[in-house]
Amino acid sequence: MNSVFTIIFVLCALQVAASFRQSFGPSMSEESASMQLLRELQHNMMESAHRPMPRARRVPAPGETRACGRKLISLVMAVCGDLCNPQEGKDIATECCGNQCSDDYIRSACCP
């Protein structure tokens with residue numbers, strides 16, 4: 001008799017657990033819709049990642065190049081003929097790396 005009640009209790013518990021999951025868990029349609037959305041987002045990201053950039057964005061136009069690090073040192077050496085001697089508290093590294101700076105600016109900021 002005890003085993004019959006145990007079996008009935010287990011079956012009722014399984015039924016309650018299954019109905020609880022259906023009531024509060026995500027439905028299959030919601031789950032598949034979110035998976036579909038995730039796949040679409042991944043597809044769009046992969047498409048844009050493999051799209052080649054136009055040449056105008058890859059290669060800067062003349063006069064738009066910035067000088068940073070060794071490139072700046074080479075530019076100062078070419079303009080001044082010597083290393084930079086900062087004048088007037090100008091920070092040419094920040095200016096020339098952040099924006100395009102002209103030879104005249106380098107002469108006024110560095111050349112003796």
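Numbering starts at 1 and runs along the chain as it is shown here.
For all residues, glycine too, the Cβ spot is worked out from N, Cα and C.
Record features (Swiss-Prot):
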- C68-C97: disulfide bond (DISULFID)
- C80-C110: disulfide bond (DISULFID)
- C84-C111: disulfide bond (DISULFID)
- C96-C101: disulfide bond (DISULFID)
- 1-19: signal peptide (SIGNAL)
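Sequence-distant neighbours of C84 (disulfide bond): residues of the same chain at least 6 apart with a C-beta under 8 Å from its C-beta are V76, I92, A109, C110. If you measure from the Cα atom of C68 (disulfide bond) to that of C96 (disulfide bond), you get 7 Å. Fewest Cβ neighbours within 10 Å among the disulfide-bonded residues C68, C101, C110: that distinction goes to C68.
Among the disulfide-bonded residues C96, C97, C101, no residue is found with its Cα located within 10 Å of the Cα of C111 (disulfide bond). Of the recorded residues, C80 (disulfide bond) and C97 (disulfide bond) place their C-alpha atoms 18 Å from one another. Taking the disulfide-bonded residues C96, C111 in turn and counting surrounding C-beta atoms within 10 angstroms, the largest count is reached at C96. For the recorded site, C68 (disulfide bond), the DSSP three-state label reads coil.
In sequence order, R66, A67, C68, G69, L72 make up the list of same-chain residues 6 or more apart from C97 (disulfide bond) whose Cβ falls under 8 Å from its Cβ.
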